[in-house]
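As given in TrEMBL:
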DOMAIN    2-116  domain 'NADPH-dependent FMN reductase-like'
Amino acid sequence: MSSVVLFSSANKQGNTAQVVQALAQQVSLKVINLDELSITPYNYANQYPQDDFYPLVETLLSADNIIFASPIYWHCPTAQMKAFMDRMTELLDVSHLKPKARALANKRGFIISSSAQAEVCPIFESIFAKMYRYYDMSYQGNLHGDFSSGQANIDSNALLKFAQQLDAAKRPCNNATSITSI
Ligand SMILES: Cc1cc2nc3c(=O)[nH]c(=O)nc-3n(C[C@H](O)[C@H](O)[C@H](O)COP(=O)(O)O)c2cc1C
């Protein structure tokens, strides 16, 4: 099972990066820093200069597991990550790209988060769970880092379970591990 992490944070080596690094010690990951890519914001005309969006889509399509990794900023992912999520709408808008949106349906979606709370913010989690559902991907769960004390607090059982999920044989799953209601 191949896993791609789409990472974004105002701090490249900050708290969210620590959670990603902890996971990378357990399981093989391809980590892509969205902040180092050029992703033109979505526009209704779907006219874009050459940028990194289409190659990134191909990378996602080559993976079994897609993991969005972001700190929780005001209950949301980073602005760069949201810009990428908005741009994904192009796959639904433009007829020759629609097969790529449909190809995402076989993928499994995960989230990595970090915040100053013990648990992932339900608003943050529901943004991704709903996005995955829109693409008919199966949302599998969240790995959260609690930095409320200023130090990393990553539940070691949750970390191992998350790593095992990434390596588990692909099977349909509509039950997320931590989402409560959307
Ligand atoms: C702009 C901003 C907004 C934040 N909003 C929240 C929030 O809504 N809820 C929360 O628990 N923590 C919030 N925090 C704290 C961060 O989520 C937390 O420090 C996180 O671990 C930072 O990760 P990073 O080092 O990858 O940026 C916020 C921090 C910043 C800088």
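Note that Cβ sites are derived from N, Cα and C of the backbone, with glycine treated the same way.
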- What are the helix, strand and coil residue counts for the domain 'NADPH-dependent FMN reductase-like' (2-116) according to DSSP? 47 helix, 26 strand, 42 coil
- Message: Limited to the domain 'NADPH-dependent FMN reductase-like' (2-116), I'd like the whole-number average of pLDDT.
- Response: 98
